[in-house]
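Feature annotations, courtesy of TrEMBL:
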TRANSMEM  20-41  transmembrane segment
DOMAIN    56-261  domain 'DUF7702'
TRANSMEM  62-85  transmembrane segment
TRANSMEM  97-116  transmembrane segment
TRANSMEM  137-160  transmembrane segment
TRANSMEM  166-189  transmembrane segment
TRANSMEM  201-219  transmembrane segment
TRANSMEM  239-262  transmembrane segment
């Protein structure tokens, strides 16, 4: 089902929305800088590839492979469009709606990456993990449905089709439920207790982010199924601040903290990469079978 928009759209322009947009550009710009610096240092200190390590490659990887940096860029572009074009053409409004829609996907992608990173804490081998082999594979392959959700949302904007937008939102909801199930399994099955303290602290940070994820994804679903009031682009800006911006900032803070527990960039980093024999009475294999 498609929906029609006029060629020219006057976006809501009150002082509160305008000032909030400026503040969010500044805050996301700060997060972009901090996230890039932290990930670049982690790439440098925890380099485990056959290629030669260089400052440029570490910074490039810290940018292109950092989902928090990507989310920051998406948010900056979205709010910059609003500030630049209060009387926007239809294409710009659709672009802003799409950017708001795909904003959840980098957070879910980073959720899975941080969980994977927690499984590697304290292990020297690149492919070693504290997790069962199946869990490790699921966390790696969860990226595919996330990409599918992004494609559906982008197509929804290109074709102006609300059905595709809702389909992408439903896939995001299913991915979130699946990641929660994996997190619960790691705790209830006893894998959490056998992991190094740094990994346990990181997983606690990820678990603490779940309520904020729940609120953020609920707001996304309301935006797709609950009427224009919940649209981040043209709806109630106060709801957007409380249910989107604040939630995303809390999630980003907890994910960065979890990442720093898993891969610290200050202090004695060698202590985090302990020998396999120190983890338990028996060395872990490269992949533990279920």
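Every residue, even glycine, has its Cβ placed from backbone N, Cα and C.
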*asked:* Looking at the domain 'DUF7702' (56-261) alone, can you tell me the average pLDDT?
replied: 85
*For the transmembrane segment (166-189), name the stretch out of 20-41, 62-85, 201-219, 239-262 with the most CB-CB pairs under 8 Å.*
201-219
*asked:* Can you see whether the transmembrane segment (201-219) and the transmembrane segment (239-262) are touching - at least 3 CB pairs under 8 angstroms, only pairs 6 or more apart in sequence?
replied: yes
_For the transmembrane segment (20-41), give me same-chain residues lying six or more residues beyond its boundaries with a C-beta closer than 8 angstroms to one of its C-beta atoms, as numbers and ranges._
58-59, 61-63, 65-66, 68-69, 72-73, 75-76, 79-80, 82-83, 237, 241, 245, 249, 252, 256, 259-260, 265
